[in-house]
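Colleague: I have a structure here, written as structure tokens, and I will follow up with some questions on it.
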């Protein structure tokens, strides 16, 4: 029991379960799933489908955060990638041509790689603090997206393109498969190669990592590139889902939700150990929360306030010192050093 | 003195960590106006005992009494309030604040909420010059000063609180001889003032020089409390180690053997230098040779070693490998040339604190192999087990986080990390600093036996005896110059001292 309680997924899973439990009582049809034209429909499916871009972005963000970095530009990359893909398709004569779709996807992902590399170079080679380095692209990126779309909302009418974001494979939304694929890629990259070890090592102690012969700059560059790619694919899913690209609003505030998902998932902003599965659960918590708020009919003008209160509660529940202060005040006293060491030993 | 009442008394202290019994049944008595040494090997529980006393850790069982009244200290702040001041082993100050700010941080002299900067600077200056005989500009940021000065500032900070008990956790480990003497004069003075000083050290000489009373711990257990003058050296060592040990005596003979039989030249520094760090020097290292670097703190020992490893870039000269001139520009390149470097800054340049012992051991080898040639988990565990056994790493579990190990064991893990890369040249910068005698001897022995198998060493140490014991040749540095090289029969403490002193 003690082991279970200390597992890094314990609190995230509890919170997710609590949210679902709330829905079970408040709106029982939350769990109903119906079959329609070979698609499954229902709130749970919606959460997975609409949550897909966030999960993707958060997976990329996890690796960046593990190197003690942060990427504020993901929201802008989402917008740029979607804009470029839609622009390419809208310029084509036959918008349903498979070749065109593939080219547009490759272009969008390729640009995301470049944008990620830009961030990575600023952080690793130029040595700019990550929050500042990525702030540049966060601001400029919106402008680039505007430039690509020409200030308009580009709409496309391509059934093949919209398959990415709203098509179904084996009755489930196709976007889920994209997310699972990227999650597997990330897990393989970090757990089957030694990239994960190097990321944690660099995030924990960059100087010592360098002295041990790790190419810290390459590690940092690669996580920002990976994060850029994740954001780019998320941009494809988002724009394909609505068959249009909006340079202004696509992926707005995604960076903040993604960072939140990473932190809820148990990865520390101080770098070091990271938990990809935790991040996925964190993103699901955020998406479930958003869906729940819409479902129970919170007036739109205060949804953000409600959301922030729930997020505050989530963060407090996860905080060791807060829990100690509330629940065990009379039992355990405040020994910061010891708590630290016990947490790591177990 | 024996009729005196202890000001602080710890009785039957027990402390457990998950899987580790850190302290069991430990007693400690501190008397006013006495220096009380706390001694023991690495992992004996010295640091844990101090952390328990200062409220960083809780106590499982046992009691603490201050002036015969039980106290329960629950945070470092409370311990300060109770009159217990601590200067930790690693200086815990803010290098980018001024000296005065560091001394007064959190308790600046104020008037109507406004900090009285002039008053603060004046008082900082007074404390430093009157109590510590230190004349420095207190408005300069702390990082401008040497580690030794920083140590004194840390003590000044502790002194400033109305302290009854002063804990000094290995205050001398980064100080040179004169600075140690200066510190001891200060300790004598504080003793006269009636302060009880708890002095943690690894140096036997220092212990005998300054201490009145000594408490010995071994493996978390209380061995005994003795008057320092009644405890012969040999007894002290035996009590600390708990077994017969004449390692240190038998070592010189080992060193003698190989001195004549030099292998081929492995690497040669040709006019290698870096402005502000070390003036251009020549130094060749042969296969299977241990070359010692001796000199005072700041004489350029570490700086020279860093050039060999590519940690700093030289601005003159070059490195020549087996007759061919090829530079080493990064640690990575150096590792590719089978050079290893164990830094003196274990915490900042050595360990990756949040990773396990196993991960720390395989890190350099894995980095050398690259991202994709991953060492399998099974292989990792075999490596870890092998080196844990070979180097006697304690606790012998590869899955502990390295930051929870004692300093000596961290050092051993770092040795394991580098040995695993099978280096040709192993640069050891202060490998035995802050390490107890047993581990020290183990490391020295390891160096000698590996050198006989053909590994070359560049061995840096502040302890002349140690350099003499392991080295076949010694290069001596003074004020960032290489001043002399001695080998064979010329090597003696006297010779080295003369060269260092400039005679």
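Glycine residues also receive a Cβ, built from the backbone N, Cα and C atoms like all the rest.
Unlike curated records, TrEMBL annotations are generated automatically.
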Colleague: Look up transmembrane segment in TrEMBL and report which of A:132-160, A:161-189 it refers to.
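Modeller: It is A:161-189 that TrEMBL describes as transmembrane segment.
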Colleague: Given a Cβ distance threshold of under 8 angstroms, which distant residues of the chain, six or more beyond its ends, lie next to the transmembrane segment (A:218-238)?
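Modeller: Sequence-distant neighbours of the transmembrane segment (A:218-238): 52-54, 56-57, 59-61, 63-64, 66-67, 69, 71, 73-75, 77-83, 85, 105, 108-109, 111-117, 119-121, 123-124, 164-165, 175, 178, 182, 186, 189, 195, 198-199, 202, 250-251, 254.
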Colleague: Tally Cβ pairs under 8 Å between the transmembrane segment (A:96-114) and each listed stretch (A:9-27, A:72-90, A:161-189, A:309-330), then give the stretch with the top tally.
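Modeller: If we count Cβ pairs closer than 8 Å to the transmembrane segment (A:96-114), A:72-90 scores highest.
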Colleague: At least three Cβ pairs under 8 Å linking the transmembrane segment (A:309-330) and the transmembrane segment (A:9-27), pairs spaced 6 or more in sequence?
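Modeller: Counting Cβ pairs under 8 Å, at least 3, so yes.
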